[in-house]
Ligand SMILES: Cc1cc2nc3c(=O)[nH]c(=O)nc-3n(C[C@H](O)[C@H](O)[C@H](O)COP(=O)(O)OP(=O)(O)OC[C@H]3O[C@@H](n4cnc5c(N)ncnc54)[C@H](O)[C@@H]3O)c2cc1C
């Protein structure tokens, strides 16, 4: 399979989950693979300024604040307020572990890493930092994305942040305005509110996280408001002014919000600048994203693109699978079992949210006769024991075939719980059935038991 005409069979640009998925799939498949990374360490935005640091910080905040709320600690007179620096301390260690582990994957599979900015010289060669071109038969562009920055906001102002710079925030503000209520905005709203910071969440749309099931949207909206987050819908930014004592957000509706700091979380742009795309005839869209077909091939068929650089769903989980899928296509393998169209959503708010499959809205629009089964966490023994009683599991199923069509969950560990339902949904045909949940003995007490409770609840509605 190897074509000695080129230095490599595959050259991957970017070492985030998208690039790693493609590189490992192809290296295991016998291709000669190399990767380029412009950051000083491998792992991508996922490891260094996205998924991993944000989730590590979230864990530090939740566990510390839960401990501090323990009445026994209060009785002992322990009433301290951790600094952001203290809460962030563990993050670097986790990032270090991730980098070491991922580096070992490249080492073990003999995949060299070229450090520097990769630019296409022509359709079969890239140059790293202007060095001698490296040639390859195939390429994968997995260069990720960065926060979109409106031209008229001053991101050098010490009180104005985006999702990359917020991780370095030094002083804990007493109030924070978050502009943009997508997944990143809502997750940070929840996190900072848990720290006791007054949060204003400005949404440019009519509802939070519109792609979710309506009942879950209602639940997260209720819980965020209940925790004290002020949410404004249907707003648009007029101007952002950084002042010595705060930041003023002027909205087109005439409202003005002044807070200690502002986090801009509205939109992302694909990392396609300075990649030499003009030398290979590829034109990114206005968000800097590269158009691809169903095999992740760009308009130049031996050049693939995966991950955030192609746009939604912009998840680390999806990027890795897309990378593998592109690799399989290069190897001439079918990727039919990768279920690329059934990517679950995990949103790490408090309460956590996760879903897979269709929403009630989608099923209703498609006139599919479905039924709903629900389990409230408060009725589960495990939730009562752990005190994590806020939450619900909701199963949507076909009322004639009993096929599971959608699983929606909010509450503690929702992003783990969802995968039980996803496993049952995955095989097509008869094995995907609500009967699995009522014919299976679940450990007791567990959160997984919610599936049996929800299934019985739903099946009892049938007539
Ligand atoms: C705050 C935040 C929280 C998130 N939380 C989650 C979550 O909980 N779950 C989840 O699934 N996803 C989450 N995401 C999204 C996730 O991080 C991204 O979807 C994922 O990192 C995309 O992977 P990627 O491989 O496409 O790109 P990246 O991980 O961004 O990697 C791209 C790499 O390419 C390198 N690069 C770019 N251009 C070049 C070049 N020309 N030459 C050489 N190297 C280059 C970059 O330096 C980078 O290392 C979060 C994102 C953010 C910002």
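Each residue, glycine too, has its Cβ placed from N, Cα and C.
Per TrEMBL, the NAD(+) site holds 180, 181, 182, 183, 184, 185, 186, 187; the candidate it also names there, chosen from 116, 246, 254, 267, is 267.
If you take the C-beta of residue 267 (NAD(+) binding site) and look for same-chain residues 6 or more apart in sequence within under 8 angstroms, you find 147, 148, 180, 287.
Shown are the binding-site residues 143, 145; the one with the most C-beta atoms within 10 angstroms of its own C-beta is 143. Residue environment of residue 308 (FAD binding site) contains 31 other Cβ atoms, counted within 10 Å of its Cβ in all protein chains. Of all the binding-site residues listed here (184, 186), the one with the fewest other CB atoms within 10 A of its own CB is 184.
Note: the CA-CA distance between residue 144 (FAD binding site) and residue 184 (NAD(+) binding site) rounds to 16 Å.
Cα of residue 308 (FAD binding site) to Cα of residue 184 (NAD(+) binding site): a distance of 14 Å.
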